[in-house]
Amino acid sequence: MTDTHEEITDASKNVDYDVKPELSKEGTSDDHSESPDPNEEPSDATEEAEGEDDKNGWFENLKAKCLKFYSSFVSKLNPKDKEVLDEVSVDGVVSYIKSGKCKNIITLAGAGISTSAGIPDFRSPQSGLYHNLKKYDLPYPEAIFDIEYFKLNPKPFYVLAKELYPGEFIPTPSHYFVKLLHDKGLLLRHYTQNIDTLEHIAGIPVEKLVEAHGTFRTSHCLKCKKEYSQEWVKDEIFADRIPTCIVCQGVVKPDIVLFREGLPRRFYELSSIDFKHCDLLIIMGTSLTVQPFASLVDNVSASCPRLLINRDDVGLTETRNVFQQLFGGAVRDVVLKGDCDDGCKSLVNKLGWTSDFEALLSGPKS
């Protein structure tokens, strides 16, 4: 941002606000039969017209300089020579990974990578979590994950938590695809919206994970902040009790991020660094509707390829491609539409990693 600000400042210094438009050649043309008398006093209408010409000329001059600066700015932002894919397709992404030039892959994941494990996503019609919350008698579906409602009535959350509790499910092929990227030395970081801890079970190292919406692995009392283990909270939940602090009797909440709560510091600290180094962004199983997670897709460089593996095309991909084509930028968005697991398996096959992938799928679970 500093370089851009300096360019804008320098450009504004070069604008000549006192410039006057050149006299029109039409005023001295032989087509006019009468020449103005130099001794004649200018009329009010003449002065008004000349003043209007001055304003229009100054504006046109300023507009031309602004357009010139903007064109220069966009060309520096998205130069053509920064295109890194041989072709904008799945095969182009595969070729890029195989080339050895791709070394810092970031993956972004949502609930869609866990649905084949039996964990429902949030927004799918009929099968989505929000569609099936009527039995909890909530004022609105999202209330079950709202911190203010949780403080008033934590019971619905813990009834649902018992149904979806981590440890009751096993990782999906999508999780093991991310683990395989790590094993190949290509994973810079895995950012997940999920709280199911399946990344841990798949064996992805903790230092490679950013759990943007928190985790069930630790819990804290809302009053005195005493920490509790996952095992202790699980025992309370499966005994159909609301976890209550043994020190102050406050409600104990897992360290997941509910609506109207801030995201973990780790999310902001690492995202401010990681995306500057990312050379391939893979987005899987997310609707990209929840902020600030959704905005991460725009934090990579203008030339960084972005691969979406999802049932639906999200993130205005086509609009961005059109904009980039209009202004000479790199077209870098690829969509692999369909089930996340199928998409990951397809990539693995194209990359020639099938035997390593099958070994992960059949291996012991952490």
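Every residue, even glycine, has its Cβ placed from backbone N, Cα and C.
Pulled from TrEMBL, these are the features on record:
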- His213: active site, proton acceptor (ACT_SITE)
- Cys221, Cys224, Cys245, Cys248: Zn(2+) binding site (BINDING)
- 1-35: compositional bias 'Basic and acidic residues' (COMPBIAS)
- 37-53: compositional bias 'Acidic residues' (COMPBIAS)
- 83-354: domain 'Deacetylase sirtuin-type' (DOMAIN)
- 1-55: region 'Disordered' (REGION)
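Overlay of TrEMBL annotations on the structure.
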residue: His213; record: active site, proton acceptor; contacts (Cβ under 8 Å, 6+ apart): Thr192, Gln193, Asn194, Ile195, Ile256, Val257, Leu263, Phe293
residue: Cys221; record: Zn(2+) binding site; contacts (Cβ under 8 Å, 6+ apart): Tyr228, Cys245, Val247, Cys248, Gly250, Val251, Val252, Lys253
residue: Cys224; record: Zn(2+) binding site; contacts (Cβ under 8 Å, 6+ apart): Cys245, Val247, Cys248, Gly250
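For the binding-site residues listed here (Cys245, Cys248), the lowest count of other CB atoms within 10 A around the CB belongs to Cys248. The average pLDDT the prediction assigns to the domain 'Deacetylase sirtuin-type' (83-354) is 89.
Listed in chain order, the residues near the Zn(2+) site other than Cys221, Cys224, Cys245, Cys248 are Leu222, Lys223, Lys225, Lys226, Ile246, Val247, Gln249, Gly250, Val252, each with its Cβ within 8 Å of the site Cβ centroid.
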